[in-house]
């Protein structure tokens, strides 16, 4: 125990030195705590304060905010994380804070820890026992919290199965998305990723490792799923799987009228009287603002629109005097032995009742893996063009279905029409509230409406215009507030306690009680700015 306190003293001293002298570097923690002993994270080199470790951990995908940690832990196993948290909890006085970094894909510093410790979760993925395992009966997959969803997919496909619910981008960690919710086009029928978790291993703010599920330690299970890293870190998740299809017919349908677009989207996600759903396994949508950037936006949409197709859509918008056009994106999955004619017939039948513009249906046939990992190719192209590592002032909202037309008029046909250039996709699609578990920490719009929309305005500041884009986001939120649109922010970041209280609404008191129970010293995930 004496060695642990030497570790704490060294860390606090390092943090104070950084605060006093700036971010010019750090002193190796092992030098401050020279006594070697089994499990000493500092002496083993796993806990580092050098700039090569701390500077990369001070930034995230958003490229908007930065916060230098005092140290970074590179754990070899969950036991190293537990040791760090036990040491932090046992520290006298005001302990250091701890955050958990997967791919660093937060946009507003949610995974940063100014003057604290950032845990580099992906360090647990190297060596040792496999951290992704499909059950013998093919019912579930166990995955380490540090594992990427794309690797979970590949391991599961090798056994002929796959998780049911995804995010659009698979190069994120299991623990990262489950700490938020994890939404995509499958959410309408299977719920978010958190609704598909069977069991977790969690290390709490006490440094205690707990296995939890709906049957055992259910309060912690519900707290952690969608809990923004406030109650513990997920080191293992058991996720339900289903038989994996071989291929997908990937369809895009173009609309010039928002009412027809949203009505068809809601028709596609509506459950039948027996609770089942239609043949579409994935339903999303996109908005393309008319104007000089319309053709470029269309041609960057997954290869669906050729130059000639884009020109036709531009002409359609002009003929209808439309300020925006809309596209439903959907997939129909099928087996390897399905014939092209049978797939064509199934798609034709599924499209029969829809009201898209005649002649404006586009499709591709792809492997199931190619579809799910579709965004990665776009990332590679943007990376090569130097447009990936730019500021990303994203705005993600859950909007009640009854108010989505008001949002369209006020935002897509209003505020965004004054923007000089829009770089980044504008995504919009409905999901069913009944597929979400109200006991979990994630929040959805209040009220009894079954349908709400996921709206993701994924702006990229490619023209050094991040301040203007952030101001635009504030205008959008102010419009929603003044119009009484009862939205909830997804992947939220607020600067005041009052905003967080409003965000959680009826869940706030329970959220606070759970924080006091599982992280009473407020050690975990300080970058969320909820309790710190």
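Glycine too: its Cβ is placed from the backbone N, Cα and C atoms.
Pulled from Swiss-Prot, these are the features on record:
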- 100, 102, 103, 104, 106, 110, 168, 173, 179, 183, 234, 490, 525, 528: FAD binding site (BINDING)
- 65-244: domain 'FAD-binding PCMH-type' (DOMAIN)
- 52: N-linked glycosylation site (CARBOHYD)
- 63: N-linked glycosylation site (CARBOHYD)
- 133: N-linked glycosylation site (CARBOHYD)
- 321: N-linked glycosylation site (CARBOHYD)
- 432: N-linked glycosylation site (CARBOHYD)
- 105: pros-8alpha-FAD histidine (MOD_RES)
- 1-17: signal peptide (SIGNAL)
Could you check the recorded positions 103, 105 and say which one's CB has the most other CB atoms within 10 Å?
105
Roughly how many angstrom lie between the C-alpha atoms of residue 168 (FAD binding site) and residue 63 (N-linked glycosylation site)?
21
Counting across all protein chains shown, how many other Cβ atoms sit within 10 Å of the Cβ of residue 52 (N-linked glycosylation site)?
10
What average pLDDT is reported by the model for the domain 'FAD-binding PCMH-type' (65-244)?
96
Compare the Cα of residue 63 (N-linked glycosylation site) against each of the binding-site residues 100, 106, 179 and report the nearest.
106
Among the recorded positions 106, 321, 432, point out the residue whose Cβ has the most other Cβ atoms within 10 Å, with all shown protein chains included in the count.
106
Going by Cα-Cα distance, which of the recorded positions (105, 133, 321, 432) sits nearest to residue 179 (FAD binding site)?
105
Max Cα distance spanning 100, 102, 103, 104, 106, 110, 168, 173, 179, 183, 234, 490, 525, 528 (FAD binders), Å?
24
Neighbour count, 10 Å Cβ-Cβ cut-off, for residue 133 (N-linked glycosylation site): what number do you get?
16
For residue 103 (FAD binding site), which of the three DSSP-derived states applies: helix, strand, or coil?
coil
Going by C-alpha distance, which of the glycosylation sites 52, 133, 321, 432 is nearest to residue 106 (FAD binding site)?
52
So among 100, 103, 234, 525, all listed as binding-site residues, which is physically nearest to residue 432 (N-linked glycosylation site)? Use the C-alpha atoms.
234
